[in-house]
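Below is one structure, written out as C-alpha cells; comments come after it.
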Amino acid sequence: MEWKDTLNLPKTAFPMKGNLPNKEPEIIKKWEEIDLYKRLREERKGKEKYILHDGPPYANGNIHLGHALNKILKDILVKYESMKGKDAPFVPGWDCHGLPIEQQVEKLLKKEKKRKEDLSKSEFRKLCREYALKYVNIQREEFKRLGIIGNWEKPYLTMRPSYQAQEIRELGKIFRKGIAYRGKKPVYWCIYDKTAEAEAEVEYKEKKDPSIYVAFELVESPFDIKEKVYAVIWTTTPWTLPANLGIMVNPDFDYLFLRSEDKVYIVAKDLLESFSEKTGIEGEVIKEVKGRELEFLEYRHPFIDRVSKIYLSEFVELGTGTGLVHMAPGHGQEDYIIGQRYGVEAFAPVDDEGRFTDEAPEFIQGLRVFEANERIVEKLRENGVLLHHETVKHSYPHCWRCKNPVIFRATPQWFISMDGITEKGETLRGEALKEIERVKWIPHWGENRIKSMIENRPDWCISRQRSWGVPIAVFYCKRCGNIIDDEKVFEHIADLVEKDEFGADIWFEREAEELLPEGYRCPKCDGEEFKKEEDILDVWFDSGVSHASVLKSGFWDELKWPADMYLEGSDQHRGWFQSSLLEGVASYGRAPYDAVLTHGFILDEKGNKMSKSLGNVIPPEKIIKMYGADILRLWVVSEDYTEDIKIGMNLLKSIADDYRKIRNTFRYFLGNLYDFDANKDRVPYENLLEIDRWMLSKLQRLIDRSHSAYSNYRFHKIYHEIKRFVIVDLSAVYLDILKDRLYVYAPDSLERRSAQTVLYELLDSLTKLLAPILSFTTEEIWGYVREINPSVKESIHLEEMPVVNQDYIDPELEETYEKLMKVRDDILKALEEARRSDIIRHPYEAKVVLSLPDEYRSVVEKRIDWIKFFFTVSQVELSDQAEGDVIIGGEKVEGGKIAVKKASGEKCPRCWIYDESVGKDGQPVCDRCMEQLERMEIKISDIEEAK
C-alpha cells in the first residue's frame with residue numbers, strides 16, 4: 001500500500017470528454033424507449049397548463065440555424081415551465097401549402113419533361129402533398145436531433161383534413177360576421193409567379209428605375225392666367241402612367257404657379273428649389289394658393305385622349321418630387337383610397353403576367369410593365385412634356401420566393417375588411433389594437449411595432465391564384481351571380497373535407513352541385529346551377545387559424561386555448577403574429593395568445609447576414625457532427641437572443657471550452673460522491689461545517705437569480721450566472737479548498753460527509769437548473785445521480801426545478817466570507833510573488849503572516865484553527881507587524897499587509913501540508929493524518945513508503 005491508497009481519490013465512470021455527437025443519439029433513443037413525452041403528460045396531469053403554440057416552419061428543405069435557434073428557445077421555455085411543475089405540452093407543426101412547394105414540384109416535373117398543365121389539379125396537389133410530407137419527415141428528425149421534446153408522433157400539419165376543415169369553418173365565421181368581401185383593389189402581385197402576395201411575403205431591395213418629372217396640361221388655365229398651365233408630377237414608375245386617373249395634392253400645402261417663358265408650372269412651394277435644380281426651369285412666381293384651391297381642376301393625359309381631375313389627399317408629402325402626385329388607383333394603395341373617396345375606379349390595364357392589355361395604348365400593348373418604361377419615357381419626350389429624366393437606385397418591393405420585383409395591381413380578390421364593423425360594434429382594426437394593449441410583448445418594443453402595422457395596414461387580401469392550398473369555399477349562382485357564403489354551406493363543405501382522406505382535394509375533384517347540400521337552391525333567385533370559387537386561401541390565413549385548428553380542435557387533448565405564448569423571429573410581427581391576431585379577433589373577439597416573445601436573426605462572426613452568396617452559412621448538421629447539439633443549445637443562450645445573434649467557428653470553439661469547464665465541474669461532483677448515499681449520508685444543516693453552509697447560501701442566491709432569469713426569458717443571464725458560479729465560485733475557490741477535506745479525512749467523517757452533502761446539493765440543483773439548456777448532458781449526468789440516489793426520477797426532464805430554501809440563506813455568513821475572500825485574494829497575489837521570487841514552489845510550502853485591520857483580523861482570528869485550508873497554505877499567523885521574505889500591501893483589504901515565508905516543519909507525505917508534527921518521535925505523517933488513518937484502521941506498517 002502507498003500513501004495515495006489511503007486517500008479518498010475521486011472515482012467516476014462519467015467521462016471527461018463529452019463525445020456528444022455519439023452520445024446524444026443514444027439519449028434520444030432512451031427518451032423514445034421510455035416514451036418521455038407521454039410520461040411527462042401522465043406526471044403533470046391535472047396541473048396548471050402552459051401552452052407555447054408552435055409557429056409552423058415551412059415544409060421545404062432542411063432546417064437552417066434560424067430554425068434551430070427558434071426551436072431550441074421554445075424547448076428551453078417549455079422544459080422550464082414543465083420543471084416548474086406545470087403541464088407544458090408541445091405540439092410541433094408544419095406549414096405545408098403555398099407557392100414554394102408548387103415551384104419545387106414544377107421543377108421535378110420539368111426534369112421528367114412534364115408540365116403542371118399536363119396534370120389535373122388533384123394530381124398536382126398529390127405531388128405537392130408528397131413533397132411536403134417528405135420534408136416534414138426530414139425536418140422532424142432534424143428537430144429531434146436538437147433535443148426538442150414534443151408530440152413528434154402527432155404533429156399538426158396545415159394539409160391534414162381536420163386542419164383544413166377547421167380552416168373552412170373559421171372562414172365561415174368571418175363571412176357570417178360580414179367582414180369578408182370580394183373587391184377589385186390593388187394588391188402586391190408577382191408577375192412571375194402570377195399570384196397576389198401578402199405584405200409579409202415581400203422584401204425590399206435596391207432597384208434601378210427611371211426618375212421622371214412630367215408636365216400635365218390643364219384643360220383651362222385657372223385664376224385668369226393667360227399662359228398654358230401644367231401640373232408637374234414626379235414618378236419612378238412610368239409604367240403606371242397609362243393607368244393615371246387623377247393628380248393628388250395636399251389640401252394644406254402651399255403651391256406656386258411658376259411662369260417660365262410661355263408656360264406656367266404648378267409646384268409645391270417647399271419643393272420649388274429642388275424642382276428647379278432637377279429640371280433647370282426657373283422663372284417668376286405669379287400666384288400662390290393652398291392645395292384645396294386646386295381641387296377638381298381638369299387636365300389632359302400626356303399620351304392618352306383622356307381628361308382627369310386634381311384631387312385632395314392627406315397622403316401627399318414633401319419629401320421628394322413636386323408635391324403633386326400622379327394617381328393610379330389600380331396600382332397604388334393610397335391612390336385607391338383617394339379614388340374610392342372621389343368615385344374613381346381602380347383601373348389596371350395589365351394582365352397576370354404583367355403585360356399591358358388592349359386597354360392600354362397600342363405602343364405598349366403586350367409589353368411587360370418594366371420593359372414598357374423606356375417606351376413611355378420616349379413617348380413623353382416626343383410629346384414635349386418630359387421635364388427631366390434620370391436613373392435612380394431606390395428601395396423597391398421584391399417577391400421573397402422568386403426574388404423578382406413585384407407590382408401593385410388591382411384584381412378581383414377576396415378581402416377581410418380592417419374597417420368593417422364587427423359584432424361588438426367596432427372595426428376589426430380597432431378591436432385588434434385593443435388586444436395588442438392587453439397582450440404582453442417581449443421585448444416591449446414589439447408592441448409599438450405591431451401596433452403601427454395594424455394602424456396602417458390595408459384590408460387583408462386572403463385569396464391566391466394557385467392550386468396547392470385550402471379553397472375559398474364559396475359558390476356563385478350562375479343565374480343571378482349571387483355569392484353563396486352561407487355558414488351552413490361552409491359547415492357542410494368542412495364536414496366533407498374532414499371525412500375525405502385527401503381533405504380539400506375534394507373541392508377540386510367534384511362539381512359545385514356535388515359539393516353543395518342536396519337540393520340546395522340560391523336564396524336570392526331560387527337558381528339550381530352554381531360555380532365554385534377557383535382561388536385558394538393565403539398561406540398566412542392557413543397558419544393564422546392554427547390556434548383554432550390545433551388548440552381548439554380537441555384533436556390534441558393536452559392543449560388549451562388561448563396559448564400562453566407565441567415565440568418566433570421578429571419578422572413575424574408582420575406575419576404569423578399579425579394573421580393569428582386578426583383571425584382570432586375576427587372569429588373569437590380576442591388574440592389567441594397572452595404573450596409574444598421574439599428573437600433576432602443570425603449573423604456571422606463579423607456581423608454579416610448569413611447568405612449562400614457570401615459563403616458564410618453554417619448548417620446545424622455541421623455543428624452537431626463536430627461538437628454536438630448541446631453546444632448549439634449553449635450557443636443559443638450565450639447572447640441576448642432578442643437582438644441579432646452572431647455565430648461562427650471561433651465562437652463555437654469558445655462555447656465548447658466553457659462547456660468543458662462546466663462538464664468537468666460535474667465530473668468533480670460525481671467523482672467525489674462515489675461512496676455517498678443521498679438517503680443515508682446527508683448531514684443535517686445545523687451540523688454542516690461553516691464553509692459548507694456558506695456555499696449552500698450562495699447556491700440559494702443562484703437558484704433565485706436563475707428562476708428570475710428564466711421567468712423573464714433572459715436565458716443568456718442564466719448561462720452567464722451559472723458559468724460564473726461554476727468557474728469562479730466553485731472551481732477557483734470552493735472545490736479547490738474542498739479537495740483536502742474530501743481526500744484526506746476518513747470516508748465517513750463529519751468533515752467529509754459535510755462536504756459531500758453540499759456537493760450533492762450543488763449537483764442536484766445545477767443539473768436541474770441547466771436541464772432546459774443542456775438537455776443531453778444533464779440527462780447523462782442524471783444517470784449517475786440515480787446511482788447516488790435511486791429515488792430520483794428516471795429522466796431529469798421528469799424532475800422539478802430546485803426552489804430556494806430560505807433557511808439556508810445566511811446574509812451574515814455571506815458578509816463574513818466576503819471579507820475572507822478579500823483576504824484570500826490578497827494572499828494569492830503574495831503567494832504568486834513568492835513563487836516568482838523562488839521562495840516557494842507550491843502554496844503548501846508557505847506560511848503567511850497577516851497584519852489586518854480589526855474588522856478583517858477578527859473574522860480570521862475566530863477561524864485560526866482551520867483557516868489555513870481556506871487560504872490553501874500550511875500555516876497562518878496573525879501579527880501586528882507582517883514580516884517575511886515577501887511582503888505586499890493589501891489590494892482588496894485596505895491597510896492590510898501579507899508576508900510570505902517558508903512554512904516550518906516537514907512536508908506530510910500523505911496530505912502535503914507542512915507541519916512540525918511530521919517526523920516527531922518517528923511519526924511519518926502529520927497528527928491530522930495519523931488521526932484519520934487510525935479512524936480508517938490503517939496501520940503505518942502496511943504502507944510501503946513508511947518503512
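Backbone N, Cα and C define each Cβ position, glycine as well.
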Open item on the list: Among the residue ranges 57-67, 167-177, 332-342, 882-892, I'd like the one that Swiss-Prot describes as motif ''HIGH' region'.
Closed with: 57-67
Task: Annotated range (Swiss-Prot: motif ''KMSKS' region') out of 29-33, 454-458, 609-613 - done: 609-613
Open item on the list: Given a Cβ distance threshold of under 8 angstroms, which distant residues of the chain, six or more beyond its ends, lie next to the motif ''HIGH' region' (57-67)?
Closed with: 94-96, 98, 100-101, 104, 131-133, 135-136, 138-139, 142-143, 157, 569, 601-602, 610, 617-621, 647
Open item on the list: According to DSSP, collapsed to three classes, what secondary structure does Cys911 (Zn(2+) binding site) have?
Closed with: coil
Open item on the list: Give me the DSSP three-state residue breakdown of the motif ''HIGH' region' (57-67), ordered helix, strand, coil.
Closed with: 3 helix, 1 strand, 7 coil
Open item on the list: Taking 8 Å from the centroid of the Cβ atoms of Cys908, Cys911, Cys926, Cys929 as the cut-off, which other residues in that chain fall inside it around the Zn(2+) site?
Closed with: Val744, Pro909, Arg910, Trp912, Ile913, Asp915, Val918, Val925, Asp927, Arg928, Met930
Task: Secondary structure at Glu568 (L-isoleucyl-5'-AMP binding site), reduced by DSSP to three states - done: strand
Open item on the list: Return the residues near Cys926 (Zn(2+) binding site) by Cβ distance under 8 Å, restricted to its own chain and a separation of at least 6 in sequence.
Closed with: Cys908, Arg910, Cys911, Ile913, Asp915, Ser917, Val918
Open item on the list: Taking only the residues in the motif ''HIGH' region' (57-67), give me the average pLDDT of this model.
Closed with: 93
